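Undergrad: This is the feature table in TrEMBL:
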TRANSMEM  21-40  transmembrane segment
TRANSMEM  52-70  transmembrane segment
TRANSMEM  82-105  transmembrane segment
TRANSMEM  150-169  transmembrane segment
DOMAIN    290-357  domain 'Sphingomyelin synthase-like'
TRANSMEM  301-326  transmembrane segment
TRANSMEM  346-364  transmembrane segment
TRANSMEM  416-438  transmembrane segment
Amino acid sequence: MAKPPRAPRPKLQTPRAPARRLLGLGGLGVAAAAYVGVDYLRHLSPAWHGRLQPALWAVLALAAAARAPFYRHWSAELRAALPFLGSIAFMLAAFLCEAISVRFVSAVMGLHWHRTAAPLPDTGQWLLLSLNEKLPQSVVDLLRAHVITLHHYLMLFIMLGFSVLFDCIKAPGLGIATRYMFTMAIGRVLRTITFIATILPSARPWCAVARYQIPRHPHPWAQKYYVPYASDSNAIRRVITQDMAYAAVQAYPDEYKPDWGRMSFLVDILRPTPGEGPSWYHLLKKASGGCNDLMYSGHMLVAVLTAMAWTEAYGGWISVAIWLLVLHSAQREVRERHHYSVDCVAAIYVGVLLWRMTGFIWSARDLARARRLAKLEEVQSRLVHAAKDSDIDEIRGLLKEVELSGQERQGFSQRAILAFAAGTIIFTLSCVLIAFTATSDG
C-alpha cells in the first residue's frame, strides 16, 4: 500500500524592514565611504571639508535620533548592557597595562641606546622603496596618501554599530560592540606580552630624543644583565656556559626616585626624571606609541578588527573596500617607518584569529530563525495530523507557537526599557558629537 504524500513544510515568513531594504542596497556603505571621503578633503580642499563634514555628521545624527524611537530590540540591548560595560572596563585595564609597558620598554635602555641602536633590516621597506622607482608617480602618490588613519577605523565601527537602528546588522548593537572591545582588549594584552618580552630598536632612531626625557644611561637591570654581554662574543659565550651574570657593573648615575605614595612601586618601571611632571599619570599620558618597535602594530589591530566586524555583520562591496584600506594602511605603516613589516603581518593574522575566537559574544547568525526552525521540527507531526483532519484552528495555534518561539523574551518592565532607550539615544548623540569634535583635526 502506497504511503500518503508528506505534507509540505510551511515556509516561515520573516518581516521585511523598509529601512533595511533601503540601506541594504548600499546605503550604509555609501555613508561609510562618504565619511572617509569627506574627511580626506582636509588635504585637498580644507574649505569644502569645513562645510561638508559638519553637514554629514548632522545628517547621520538626525537619522539615528529619528530612527531610535522605532527600534524594536531595546530589550535585547538592555540585556547586553552589562557585558558591554564589562568589556569597557576590561579594555581600559588592558590599555593601562599597555601604557605602563610602553613606557618601560622605552626607558629601560636609556637615551644613548636609542640614539645608537641601528634599525633592523626590513625587506618590506626595501620592497616599497624599489616599487617607488618602478611604479608611475600617480600610483606612488596614492600609496603615500593619508587616505585613512586610526580614528577613521574607530568611527567606521561606530557607524556599523549604530546601523542596528536601521536593521542593517543583527541586534543587539551593544552585542557587536562588546565583542569588538573584548577582542581589542585580548589583542592588547597579547601585544603587551609580545613587545615586552624582547626589546626591539625603533625604525625611527630619533623618536626617543624628540618625545621623552628619559635618562641617558640604562636601567640598573640592563646595567647588570645586558650591557656587559651586549657586544663581546667571548662574554656572551661565557654567560651562556655559566648561566650566571658574572661581569662587574660599571658606575652609573643614581636613579631619580620621587615619592608617589602608594604608586611608588612604579618608579623602577617608569624611570621618571625631574622634568616630567609630579606623578606617574603624567608619564603615562606622554607614553603615546612608544619609541621602540612594538610588536605587533596596535593601529593595524584596530583596522583588522574593524574590517572583520564589517565583513561578518554587513558584507558587500564596502567590506572589500575596507580590507583594501587595511592593506593601504599596512604599507603606509612600513613606508613611514612607524613599524616593521613583521608587525603589520602579525597584526593581520592575530586580529583575524582573535575575531574568529570571540564569536560566542555576538554572531551574525540568526538565532531567532534557528529557534523557529527547531520548533517547527518539534511540531511537524502535529501539523501533519491537523492538516489531515482539516483542523484550521490547530494549524493556526501551532504556527503561532513557532512564531513566538523566535521572538525575544522581554524580562524587563516597559518603563525600564523606555528609560534605557532614552539613555541610549542621548548616549548615541553624545558619542557622535564627541567623535566629531575629537576627529575634526584628523
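Any Cβ shown, glycine's included, is placed from N, Cα and C.
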Undergrad: I'd like to know the mean pLDDT over the domain 'Sphingomyelin synthase-like' (290-357).
TA: 94
Undergrad: Per DSSP, what is the helix/strand/coil residue tally across the domain 'Sphingomyelin synthase-like' (290-357)?
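TA: So the domain 'Sphingomyelin synthase-like' (290-357) is made up of 53 helix, 1 strand, 14 coil.
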Undergrad: Are the transmembrane segment (301-326) and the transmembrane segment (52-70) near each other by the rule of at least 3 C-beta pairs under 8 angstroms (pairs 6 or more apart)?
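TA: When sequence-distant Cβ pairs are counted, the transmembrane segment (301-326) does not touch the transmembrane segment (52-70), since fewer than 3 lie under 8 Å.
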Undergrad: Who are the chain neighbours of the transmembrane segment (82-105) in space, where the CB to CB distance is under 8 Å and they lie at least 6 residues beyond its ends?
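TA: Apart from its flanks, the transmembrane segment (82-105) reaches 174-175, 177-179, 181-182, 184-186, 188-189, 191-192, 195-196, 199, 266, 269-271, 283-284, 287-290, 292, 294, 298, 361.
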